[in-house]
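In what follows, a single structure is set out as structure tokens and then discussed.
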Amino acid sequence: MDNTAKDSDVSIKNTDEDSEALYDDPPVTISEKAILFFTSSWRGLITIIVPLILIPILTPFPPEKYQWCAYTLMLMAIFWVTECIPLPVTSFLPILIFPMFGVMDTAKTCRCYMNDTIIMFLGSMMLAAAVEQSGLHKRLALWTIRAIGLSHYKLLFAISFITMFVSMWITNTAATTMMVPINSALLKVFEDQNSLKMYEPNKNGDMVATDLSSCYFCAITFSATIGGIGTLVGTATNLVFKGLFSRAFPLAPEYLSFPKFSAFSVPYMLLMEIAMYFYLIIVYFGFLRSNSQAAKDSVITPESIEAAKKTVDNDWVNLGKVTFWEYMVIILFGGAMVLFFARSPQIFQGWGDKIISYFGIKNNKFIGDSVPAMLVCTLMLLLPSNLNIFKNFRAKSYGDLTKAPISSVLNWKIVNDTLPYSFMFLLGGGFALSEAAKEEYSDLNGRIGDVLQNLKTLPNSFIIFLIITFTIFITNFASNVVVCNVLAPIAMQLAKQVKVNPLWYNIAAGFSASYCFCLPVGTPGNLIVQGAADIPTSKMMKAGIGPTISTLILTWFAIYFWAPVIWPDLHEYPSWIGS
């Protein structure tokens, strides 16, 4: 009885406390409920509401094929930009919609998700993975820093240009990720020597990156973005606009071959990198402003430089001698680049041209870049990364034998676990949209062309400037690949309306889709450095506004004046364009 009474008293006491807590807790208003619901469930709301909002595109009922294609395009664009569902999941929508509503059959739609361009992308990712697994990229970075020097001007130059160079061959994200710890270690040495501060408190008391620290970290991701345009394999966006052009105009010559692409992009890339470098040293180091506060803050003592030099030298020593693995990567990766350039260089008969000629094949695109990519990747998966197997011939006892399996130059298990296969679906979704928009399927391109006819009166130079400006603006808010998938086909259709070679507007939109310097959401590299260094968005915008303006101007100059030098056909309206 006593225990029961005691439990009852405790229960009454708890009830009273709960009642008081409930009484003290203010009621939630309807507006607060709505805000909380929207902030936690906005992605789900978009997935439900957007398909309903877009229904007017399908009117009057029953919808025509071009209406279903337009509906799918708008739905995917919004889903891609908002990322309300994963990007690859959005990319599957053409497989669901096109066959069900008579736009394009299942077989043709699914073929868009596996083609030469996508295999080339897969191959480029595997080539880059071999460089990363061997550690060759880090050796190259440290060697460059040791060779150039460690003053602010020299260090920023070394970090910027080595990131740019590495990003020409591996993904922008991988190049950024590689350089972040190297950059952090060097700045930490300078901070320990009281030459700079890496972090400072903001108005809320949180520690954020200083201006100097923001400059260095932003230089990494900006340089990776710029370096990505240097070669076809530098970033997925390059392969997207090449693939979109090839699918839209299968009879066109191979304008975007590896050598011609780099012949155009490398000088243009270097100009943009130089412009970015000078902007950063003027704003953050006080270059040409010797009496400015920035110039005073960027002074490094000789003791700090010596300490940083010791750190780099120690890292260099820890790497040891160049390994057999690295030599193999150099040979195989270099061989891949030679095969890309010599396949069909159009300045002499390449090895691909000779094979086509030998078998009497009339299709000059019979052998694509995916062939050498997969050839070298296969060799990387088969050849050993070390020579330990030969120790068995010199073994004198059982204990001296090599028992563990020899790892290949490219470790498939690591590749299989880390390779971003989802990007293949992202490319495929864009190609499916581009294919369905053709005249033989929905003729959405023709309908878009009718809308764009009003731009016929504008000068070609101004239209190119508009394409570049609009694309650069949009790509700061959305995935580069997504922006390219959506805008490049529209730009090519606009070219048909104004009677200009579609390649011209395709490369204008394609290259511009890579340039996101102001906002973290524009590219994974920006997010990586923001997270690693606690860079406020306002400071990233300060660092990025200069490169954005210089890139816009230099891109217009390169597209309008330099591109016709590489592709003289740009000044002609080609016969292969069709209707």
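Cβ coordinates come from backbone N, Cα and C, glycine included.
Not measured: the values here are computed from a predicted model.
TrEMBL annotations:
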- 42-61: transmembrane segment (TRANSMEM)
- 73-101: transmembrane segment (TRANSMEM)
- 113-131: transmembrane segment (TRANSMEM)
- 152-170: transmembrane segment (TRANSMEM)
- 216-241: transmembrane segment (TRANSMEM)
- 261-287: transmembrane segment (TRANSMEM)
- 324-342: transmembrane segment (TRANSMEM)
- 363-383: transmembrane segment (TRANSMEM)
- 458-483: transmembrane segment (TRANSMEM)
- 503-522: transmembrane segment (TRANSMEM)
- 543-563: transmembrane segment (TRANSMEM)
For the transmembrane segment (113-131), sequence-distant contacts whose Cβ falls under 8 Å of one of its Cβ atoms, 6 or more beyond its ends: 95, 137, 169-171, 174, 232-233, 236, 239-240, 242-243, 246-247, 329, 332-333, 336, 368-370, 373-374, 376-377, 380, 409-410, 414-415, 418-420, 423-425, 427-429, 431-432
Selected stretch (most C-beta pairs under 8 A with the transmembrane segment (73-101)) from 42-61, 152-170, 261-287, 458-483, 503-522: 42-61
Leading contact stretch, 216-241, 363-383, 458-483, 543-563 vs the transmembrane segment (503-522) - CB distance under 8 Å: 458-483
